[in-house]
Amino acid sequence: MPVTSAETPTHLPPSTWHPDSWRSRPITQQPDWPDPVQVERVTEEIALQPPLVLPDEIGTLQRSLAAAAEGNAFLLQAGDCAERFSSCTEHGVRSKLRVILQLAILLTYGSGMPVVKVGRIGGQFAKPRSKPTEVIDGIELPAYRGDIVNSPEPTAEARRPDVERLMRAYHHSSATLNVLRALTTKGFADLEQVHEWNTEFVRRSPAGQHYEQVADNITWALRFMQACGMNGTQSLRQVHFYTSHEALLPHYEQALTRYDKSTGAWFDTSAHMVWIGDRTRQLDGAHVEFLSGIANPIGLKVGPTTTACGLRDLIERLDPNHIPGRLVLISRMGADRVTELLPPLLRAVRSTGRSVVWACDPMHGNTFVSKSGYKTRSLCDITREVVGFFEAHKQEGVHPGGLHLELTGDNVTECLGGAEEILDTHLCTRYETACDPRLNASQSIELAFRVAGLLREHRGS
Ligand code: PEP
Ligand code: CO
């Protein structure tokens, strides 16, 4: 059984909204598609494809998020910064799911709370960029905007936006979902597999060894339950796993937005949950307009430039009917400023009387370029931001509702620190991300232990 709160209502769009009403609003962060007619042709074709997820599943996620907003569950949203078409393989999907399941079980075990599992997966193909172009070896090239738009290789040909990629993104999302559905319902996610989720290279790390101890305890608890005759429960054998991505390209999102007769609502069937990035959350802009009408749970990135007033206006636009579980506010302030910037926003949202999930993204406010020239983050800053996030919540008497991470199950060297002491000189060894640096599996597990401790403390306080 998924974690759910009581029945929750479904968001209905404002009367002026239509799936294409975003088109009359100013829009930022869009590719320079060479031929607008072709964009319409491809998106019309996508509109004829089956939905990737169904309204019922989206409703179940919303109810689980409503439980997280009330402090009865915790959201774990994690995955790549930018998914690659080439990592849409059984191995690629399995390895991301594996590390998310490991983190989820540590958080559940450590805090005694159900964990709502949402991947940045099955559609996280579009990236906002700080500049539209970049200079590589003296040549100015369009920026890489994610596999749904172009390719990261530093040539003019690879960087040219290609509309056909919208359709490829749909098919890759569909294939990813297919593997995810099989893995989460047929054996791989069975709690009996808790030791199998720990891969060989993680097992050798201190975090992996610590994980083994927890896995032993869980296995022992399962034996105990079986001995007591409690062995038939489905929830130990499969997990509810949801997909999410940044809804950066409204052309694509509109093509997958479908009317649901039974509720009278519009669902964006490209993913269970979508979010608005820190660069596209303008109150009168196209992204906010589009998301204000769909009934999916909506994530909203809340960065250092967000004011209490601006945030109140945005949540009023996105959730006028105070629907529990509709909004996930994803704080990404940076380790140094979170305890200063977050409390006024927590107070502002509380004063609206809404039940929202506050999640901590400790990644995007802590990125810097290292001496060796790599875009990186340190586990130390990431952990400090999470600690600050919990402190702010404690101070304001608000539930810390979730964690939002960029991670991979692979043994990469993209973020600094951790028990294995990844240094600047190691970054070049396995720096594989197409966009932002991700925590590797052992760094993620190390962080999950810390967060589980903070959650347990918070619940006890
Ligand atoms: C992201 O989540 O990958 C991202 C770009 O975040 P933000 O919009 O918070 O910068
Ligand atoms: Co990112």
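Using N, Cα and C of the backbone, Cβ positions are placed for all residues, glycine too.
What TrEMBL says about this protein:
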- 1-34: region 'Disordered' (REGION)
- Cys81, His364, Glu406, Asp436: Mn(2+) binding site (BINDING)
- Arg120, Lys301, Arg332: phosphoenolpyruvate binding site (BINDING)
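Sequence features, as recorded in TrEMBL, placed on the structure.
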residue: Cys81; record: Mn(2+) binding site; CB count, 10 Å: 21
residue: Arg120; record: phosphoenolpyruvate binding site; CB count, 10 Å: 27
residue: Lys301; record: phosphoenolpyruvate binding site; CB count, 10 Å: 23
residue: Arg332; record: phosphoenolpyruvate binding site; CB count, 10 Å: 23
residue: His364; record: Mn(2+) binding site; CB count, 10 Å: 20
residue: Glu406; record: Mn(2+) binding site; CB count, 10 Å: 27
residue: Asp436; record: Mn(2+) binding site; CB count, 10 Å: 18
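Within its own chain, the region 'Disordered' (1-34) is flanked in space by residues 59-64, 66-68, 70, 72-73, 114-116, 128-129, 132, 142, 145, 149-150, 160-161, 163, 234-235, 240, 248-250, 254, 257, 263-266, 277, 279-280, 282, 284-290, 292-295, 319-321, 323-326, which lie at least six positions past its ends and keep a Cβ under 8 Å from the stretch. Each residue of the region 'Disordered' (1-34) gets a DSSP state, and the totals for helix, strand and coil are 4 helix, 0 strand, 30 coil. The binding-site residues near Glu406 (Mn(2+) binding site), taking a 10 angstroms Cα-Cα threshold over the set Arg120, Lys301, Arg332, are Arg120.
For Arg120 (phosphoenolpyruvate binding site), the binding-site residues whose C-alpha atoms fall inside a 10 Å radius of its own C-alpha are Cys81, out of Cys81, His364, Asp436. Using the Cβ center of Arg120, Lys301, Arg332 for phosphoenolpyruvate, the list of other same-chain residues with Cβ within 8 Å runs, in sequence order, Glu246, Trp275, Gly277, Asp278, Gly299, Ile330, Asp361, Met363, His364, His404. Only Cys81, Asp436, of the binding-site residues Cys81, Arg120, Lys301, Arg332, Asp436, place a Cβ under 6 Å from an atom of ligand 2.
Distance between Cα atoms for Lys301 (phosphoenolpyruvate binding site) and His364 (Mn(2+) binding site): 10 Å, as a whole number.
Between Asp436 (Mn(2+) binding site) and Arg332 (phosphoenolpyruvate binding site), the C-alpha separation comes to 14 Å.
Distance noted between the C-alpha atoms of Arg332 (phosphoenolpyruvate binding site) and His364 (Mn(2+) binding site) is 6 Å. Excluding Cys81, His364, Glu406, Asp436 themselves, the residues of that chain whose CB lies within 8 A of the CB mean position for the Mn(2+) site are, in sequence, Met363, Thr367, Cys435, Pro437, Arg438. Secondary structure at Lys301 (phosphoenolpyruvate binding site), taken from DSSP and collapsed to helix, strand or coil, is strand.
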